Structure formats: C-alpha cells, structure tokens
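Here the structure is laid out as structure tokens; the discussion comes afterwards.
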Amino acid sequence: SHEHCHKNLRQSHFNPGPSCLGYPVSIFFIVVNEFCERFSYYGMKAVLVLYFKYFIGWDNDLSTTIYHTFVALCYLTPILGAIIADSWLGKFKAIVYLSIVYTIGQVIMAISAIHDITDTNRDGTPDNMTFHTAMSMLGLMLIALGTGGIKPCVAAFGGDQFEEHQEKQRSTFFSIFYLSINAGSLLSTLITPILRAQECGIYSKQSCFPLAFGVPAALMVVALIVFIAGHSMYIMESPKGNILLRSNCVSNRFNHRSQQHPKREHWMDWAEEKYDKLLIAQVKMVLKVLFLYIPLPMFWALFDQQGSRWTLQATTMDGNFGAFIIQPDQMQIVNPILIVIMVPIMDSAVYPLIKKCHINFTPLRRMTVGMLLAALAFVAAALLQIQIDQTMPNFPSSSQIQVKFLNLENTSVPVEVEGQEPFAVPGFDSSNDYMTLDTENITVSAGGKNATAYFQKSTRHTVLINTDGMLQTLNDITEKPNQGMNAIRFVNGFRSHLNFTIKSDNLGPIAPLQGSGYLSVPHGKANFTIVNEEGQTCHYILQLGFGSSYTVLIPSTFSFGESCTENIKAIQDIEPNGIHMAWQVIQYFLMTCGEVVFSVTGLDFSYAQAPSNMKSVLQAGWLLTVAVGNIIVLIVAEAGSLPDQWAEYVLFASLLVAVSIIFAVMAYFYTYMDPMEIEAKFMDLEPEEKKRKELGMTTKDNLAYVNNETSNNTDDKQTKI
C-alpha cells in the first residue's frame, strides 16, 4: 500500500525526538543556530564597505564592487553546499563541516583588521597592506563558502524534523526560521557599527574593526556549538546519491538522435538505461520547480537596493526624529524591525482572515502578490524622490557656471555683471542666490571698479568683494554633502590671521580676505574655536541640519571677548535636507510586506515541492535567485543609470510588474505536487520495473505501464512529472 511505502521512505530517519506543543524540540537548536549565524553574517557585512574604504584604502567604486561580488558569491555557493549535503555528507555533517570553514573565515577577517600586526613603526598605519588585503580576501572566500554552503542545508534540515502530518507546524517553523534571520540581522546591524566606532589598538588607537569582526566570529562559534548540542534529538536523512544526471541524459539523447530511436516524453527519460525511474522522477520534480524560479531574481534586484539606492536617497533627507538622530545607513534597520512585527501578524491574522473569506491564497499567488508589493514600494520611492528633487539645489549643467557675491565691507556695494540686471550686495552679506551663466568669463563692476573673471564650465563660485576692488573667488561644492553631513568653510574678513578648529580638525591659519576649504561636520551643534595670533579665543556654535553648506564670514568688525560671536555671519549656500526620513517608512513597509509573503512562502514552497533526497538542492536553487538578483544590480550599476533617479525607480518597478505577470501565468499552469506520494508510487512499481528490464521491454512500453498504474490511484495531471 502507499501508506506502507510512505513508512519505507522514513526508514532512513532516526526515531523522532521529543516534542513540545506539537513541535519537535530539535528545531529550537536549529532556530538558535540560525539566529547566531545570521548575526555573524549581517554584523560582518554591516561594516564591510567601511573596512574596505577606511582600513584597506579602496575608493567608493572598488569597495562597492567587491562588496556586491562577495554578496553574490554568498548566494552562488549554496549549490555546492546542497550537492555536498544531498550527495555525500548528509545535511547534518555538511552544516557542521561548513560551519567550521565559516568560523575560520570570520577569525581570519578579525585578524586581518588588526593594524598593529604590520605596523612596525607604530605610526597607526599598517606597513604591509598587501598582507591585510590578502588575509581579508581569504577570509571572505571562506565565509562565502561557509555561509552559502549551509544556507540550503539548515532550512531543509529544519523541515526534515517534522513528520508528514505536521504540515501546518512546518509552515509555522519556516516563519519562525525567517523571523530568527531578521532578529539576528536587526541586532547585529545595531551593535557592530557601535563596536566599529570604538577605538582600540596596542600601539595606536584606531577604529576597532577587529572587535567589529571578532564579535561575529564569536557568535559563529556559539552557533556551531548550539547546533552540535542538539545532535541526539535530530531526525537525520542519509544522503541519497549523485543527482547530477543532466550530462548523462544529454549525451544519451545525442547518441540516440536518429529517427530509428523512438522519441521519449521528457528529455530526462533518456537516463532510464542508467538510473531507476524513481530518481528520474525526483529530478523532474526539481527541474519543474527550478523552471518556475526563472523570473524570481528581479524581486531580489529591487530588494537589495535597500542597502544602496535607498540609502543614498536617505542622505538627501532629514534624519532628526527629535529624541534621536537616524543616520542614512541606519534606515536599513527599518526592514528587520518590520519583519519581526509583520511575520507574526501575517501568520496569526492576515492569512487566517483570507482563509475565512474563502480565498484560495496559494503559495504561488502569495509570491506574485509579494512581487507586486515590491514594485509598489519602488513606485513609492519614485514619488518620494520627485519631492526630494524639488527641494534640491539647481546645480550648474555641463555648459553653465554659477556665481554669487559675498561683500566683505560693512556698506552695500553695487554690482554689475555683463548682460545681467545690476543689483546691490548688502554689507557683510551675500547676494541672495547663485547667478547662472552660459559663459566661461564674466566682466564684473563692483563699487565702480571693473574686473574680469574666468571660470570652468559646470562649476560654482563665490566672488569676494573687498575695499581694494579685487575680486577673489572661492570654489564652491556642486553637490550635496555625502551621507547627510554638512560642508562648512570660513572667510576671514578680519585684519589678521585666524585659526579655526572643531574637535580635532584644524583648518590652519587663514590670511585676511581669504577663505578656507570645507570641513565635513555632522548634524547637531557644531562648536568652532577661533584663535588669533596672540592666542585669544572665541567659541562659535552653529546649529546644523543634514546636507547643508555654509560660508561663515568673520567681518572686519569682529573682536574677541564675551560678545565675539555677535558679528559673525553664517551664510547658507545649500539648504539642509527638507524632506524627513520618516517618509521612507512607507516604501520600507511595502517592501517588507512583499518580502514576508514572497520570501517566507518561497522557503516553505521550496521545501514542500522538493523530493526527499533533493530538498537542499531546491533550497539552493531558491537562494541562487538572490545571487542572480545581485548580479542584475551590479550590471545596472556598471552600465550607468537614467538621468533622473525617480525614473530609474519607475523602470525597476515596471520591470518587476512585467516579470510578475509572467510569473503569474507560469504559476497558473503549475500543478502542485506531493513528492512523498509520487515517490511512494514509483517505489511500489520498482519490482515490476525490474521485471520489465529483465524482459527487455521498450521505453515506450515502460511509460505506458507507469502511466496506467499511476492513473488508477490519482488524477493523471497530479502525478505526471
């Protein structure tokens, strides 16, 4: 009977372990292991780009490229881990051995960040950066192999802990499993940047990257110990043998391509001469699902931009939430926070409500809705970007220059620019806004004295007006300061040299009627110290927002003393960000809802539709879609973007909608399978199949026989692979 065959399929298991509330106790160890491993991975990844840029010394482009290449590699290696688990070691041993490799990689990364190892002259800078670079690349390769290798195994191993009648509990497990992933991500994204910001070192104090990498390494050790501790409670399946049949099938099909050989219903049937029909049927099931996965990478292409495009968008926004300040890169925390909230809500409220409404919300329909929600999130991002663009400064184009005038005198000065209406600049102040011109040289008359200035195209300048009639120019920035910082510079209209400092940054002595370079200053109160040649000091406080630029003028009437700041003039060149970061929560909410119904469902679907000996392979196929999605982002980043960022968001949203429609059509024609039932039928037919092979029956006869037998028990559409 089929029931007997189902029992045979479970004979490779150990006896089920203890249970609690209907759930195997063993999944506790698996969930804790996943939490620690994800903390380790996301904690290391959170500071990785900063490590490349500030420790190794790479520029932004190379740091970003290596970062995304590493992430893509982490999602390519699951195929290797799945093959090792399903064909050689089994899931348990594969997880243990690859976790050891993973842990070694994390330890190597922590060691590579210790600058004192090669800092022989003790100046705070490593003397042999090649050593640190090589160590970090080795560590990252081992981490990619380890984290990628265990990804499909842990999820599938967790699913193995449930009996056939525990389908509901297994579905809930995948939700809890996904919750543990995001809980680990949330905590590590909060904690490791704080650890990195600490200063540590033996001979000199630097940003503490060894601690930021060392804590994730320690969590990986904990993950390994916890997983091994549950060994006696696990249900473990033995590996089922090699599943790489495609090359054999293709070569056999090529050798029998003449018309004298009868056609076979499926190209996998050409492996019948070497493999039994059960294994072939199992591979067919896997290929059927993998074909369905083809459109899925586009979802991840949008999802992964939370850490790139959306973070860059946040740099042009206001992160002041009153009680606390959110930095642009910290907005990514919104996703795991919402995940922790949304997963229980979806499982306990939304899905049961949909079921009560008698709506057949199948897994593939859920995934389609998830893709559409992600597209809607990018529409929200585009609408927000349009609002941001309206508050952005109008920077010069490639054929324009922009100038404004700063009067260092205490009386108003009339100014005439050739081809423009004359105007006056107030004393100790600037003209209201930049003047946009289409010429490289301008003739200016200031206070009745003429001068000609020459500029390069696509630049901004501030022209200083003084009593000598000389027009000195300062080069202004032509873009918003990075990461929500503020660009501050000083113009000395005083009669002697002045020195300007803020914290440890010193602009050096600035001569009279001269300007300084820019200082990058964070949000909040900026306390500047002004010192003259006699050592007198004046403390000036400037309240800063996000992404602004100021020119601070020290007028000729400036004097040291208690009221020294009264005459200082702060002139705003670029307004601070006017759109609040809280508006990004809308797009994060939509993306998170899409992720919950897409990714959690996809994990469960990948397990449920996989045959017993290829569950890790199908999990790896699911993770491979993430790798391809990362590669899509890399291609788009290298190829360049549209002139307007909002248009790029709309493009990605449109592409995902189109892909969602294709996926919905594919899902409509997909027939859900019961792998256990199909395997049982083929196991039932194994003795007859051996007899047919002994009698020399043809492939056509075999197919007819199997179809006839299976159709007696269930609908042909359900059992046909």
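Residue positions begin at 1 at the first shown residue.
Note: Cβ is positioned from N, Cα and C throughout, glycine not excepted.
Unlike curated records, TrEMBL annotations are generated automatically.
TrEMBL has this to say about the protein:
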type: COMPBIAS; residues: 699-713; note: compositional bias 'Polar residues'
type: REGION; residues: 695-721; note: region 'Disordered'
type: TRANSMEM; residues: 66-85; note: transmembrane segment
type: TRANSMEM; residues: 94-114; note: transmembrane segment
type: TRANSMEM; residues: 134-159; note: transmembrane segment
type: TRANSMEM; residues: 171-191; note: transmembrane segment
type: TRANSMEM; residues: 211-236; note: transmembrane segment
type: TRANSMEM; residues: 285-303; note: transmembrane segment
type: TRANSMEM; residues: 333-354; note: transmembrane segment
type: TRANSMEM; residues: 366-388; note: transmembrane segment
type: TRANSMEM; residues: 585-605; note: transmembrane segment
type: TRANSMEM; residues: 617-637; note: transmembrane segment
type: TRANSMEM; residues: 649-673; note: transmembrane segment
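In terms of C-beta pairs under 8 Å, the stretch of 66-85, 171-191, 211-236, 285-303, 649-673 lying closest in packing to the transmembrane segment (134-159) is 66-85. Residues 243, 268, 364, 367, 370-371, 374-375, 377-378, 591, 594-595, 598, 602, 605-606, 609-611, 614, 617-618, 621-622, 624-626, 628-633, 636, 652-653, 655-656, 659-660, 662-663, 666-667, 670, 673, 675, 678, 721 of the same chain lie 6+ residues outside the transmembrane segment (285-303) yet bring a C-beta within less than 8 angstroms of a C-beta in it. Long-range neighbours of the transmembrane segment (617-637) within the same chain, counting only residues 6 or more positions beyond its ends whose Cβ lies under 8 Å from a Cβ of the stretch, are 64-65, 68-69, 71-76, 78-79, 81-83, 86, 148, 151-153, 155-156, 243, 286, 289-290, 293, 296-301, 303-305, 308, 602-603, 606-607, 609-610.
Recorded stretches compared: 66-85, 94-114, 333-354, 585-605, 649-673; the one with the most Cβ pairs under 8 Å to the transmembrane segment (171-191) is 333-354. Between the transmembrane segment (585-605) and the transmembrane segment (66-85), the number of CB pairs under 8 angstroms, six or more residues apart, is fewer than three, so the stretches are not in contact.
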